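Undergrad: My structure is below; once you've seen it, I'll send some questions.
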């Protein structure tokens, strides 16, 4: 159970926050900052007030027919400030403990606490978290964000449906009616590039490795969020979410190896050993190296948040002894299978791509493609960053799962839409572009994280700043692989579908 500090907010509501402040500050112009607003006695200018006393109330209910006797259902506290007149025999009274900002010399502070027990018959043990969760006034914002995201999805779905049903239907009908050779000479639009559409991309090795790692992350995220929705990974069990994610990631080496191998083979790659090793070590290696450097900084600072050396060894053992062999097994089956069959043959000589307008050039398309998926998730992102960096409770996994599904749909539809426009402009380099279009959402994520750092957090000190950006970079990399993979698979399905229904001589 977290110890909570409950205080009154507007409209007669009470807000419960895990943890409690250790002090507060009155500015030079007499404005109370943070928790100084709770007491009118805090009024000295340019002064710190120390909360050196806590009244702890522990609520329990007696359990019948059980040897335990009683169970704790809540622990609340109230921070107070007393300048104890007799520190050796404190009576918890007196004026607040204040320290002027201009004070110098030694200051002695006596810290005290009192504990009272209250029997609470109405709260069942299973619902002991409810009072914390009910007091968090975020739910109405969440519904607004979901509705906002659904409007974006409906708009995109309408656009995609229009392209699929009207434009594509007309195109396919027109292409398939062209029987005479005179007509065949006048091909135009996306049918023109049918001989180049499945030409292997440049840097196919790297793309296949990214797709393998992205698939691993995609399945891991889906399963973790699904379990969290069902209530298996409750905030009551600290670290359950992270543990579940790491274990799932380790066990999902096989799909990563398989997907990377299948696509690498279909791109015409020969160096299968390099492909397997890169899939096993490239992305996990970057994440682990970043994580290890962060941990070294924490060790150097003597922080209790540093992960013990034994745990790091255990994570490495999971990676090398379970994840890597599973990736090899997946890659073995991926390379054993025949390369993916494409509906149209690839020409010997690459077709020249005509001069593109500003909108169909790669960079503007990629930058535009990330805006809509980011628009769906940024409110949710605010709460996730709050839970990580501002010690808020995060429990709305139902909302998060819904936003995850909306994100998958939005990434797919935005990428398909842009892919269609590029094909109509006779630009057949769709593989990397589809990956980067939805993957660019991660760049907006990074920009938002930087904005959050400067606008919401009061982090000072080099070590803390490095830690924030170090952990943010891990999240951005994972998010990039995850969204990019969604975009690529959506585009791959779309391209395969439209070229399989066109008659090609």
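Note that Cβ sites are derived from N, Cα and C of the backbone, with glycine treated the same way.
According to TrEMBL, the record shows the following:
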- 143-165: transmembrane segment (TRANSMEM)
- 206-233: transmembrane segment (TRANSMEM)
- 239-264: transmembrane segment (TRANSMEM)
- 276-299: transmembrane segment (TRANSMEM)
- 305-335: transmembrane segment (TRANSMEM)
- 366-389: transmembrane segment (TRANSMEM)
- 395-423: transmembrane segment (TRANSMEM)
- 435-454: transmembrane segment (TRANSMEM)
- 466-495: transmembrane segment (TRANSMEM)
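How buried are the listed features, and what sits near them?
TA: Residues 372, 375-377, 379-380, 399, 402-403, 406, 409-410, 413-414, 416-417, 420 of the same chain sit 6 or more residues outside the transmembrane segment (143-165) yet have a Cβ under 8 Å from a Cβ within it.
Tertiary neighbourhood of the transmembrane segment (206-233): same-chain residues 240-241, 244-245, 248-249, 252-253, 255-261, 263-264, 267, 269, 275, 278-279, 282-284, 327, 397-398, 400-401, 404, 431-432, 435, 478, 481-482, 484-486, 488, selected by CB-CB distance under 8 Å and a gap of 6+ residues from either end.
Among residues of the same chain six or more beyond the transmembrane segment (305-335), those with a C-beta under 8 A of the stretch's C-beta atoms are 212, 246-247, 249-262, 265, 272, 275-276, 279-281, 284, 288, 292, 295, 298-299.
Taking Cβ pairs closer than 8 Å, the transmembrane segment (366-389) reaches residues 138, 141-142, 144-145, 148-149, 152-153, 156, 396, 399-400, 403, 406-407, 410-411, 414-415, 418, 433, 436-445, 448-449, 452, 456-457, 468, 471, 483, 487 in its own chain, all 6 or more past its ends.
A Cβ distance under 8 Å defines the sequence-distant neighbours of the transmembrane segment (395-423), meaning residues of its chain 6+ beyond its ends; these are 129, 133, 138-139, 142, 145-146, 149-150, 152-153, 156-157, 159-160, 163, 167-168, 189-190, 193, 197, 221-222, 225-226, 228-229, 233-235, 359-360, 365, 368-369, 372-373, 376-377, 380, 383-384, 430, 433-434, 437-438, 441, 483, 486-491, 494-495.
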Undergrad: Of the listed stretches (239-264, 435-454, 466-495), which one yields the highest count of Cβ-Cβ distances below 8 Å with the transmembrane segment (276-299)?
TA: 466-495
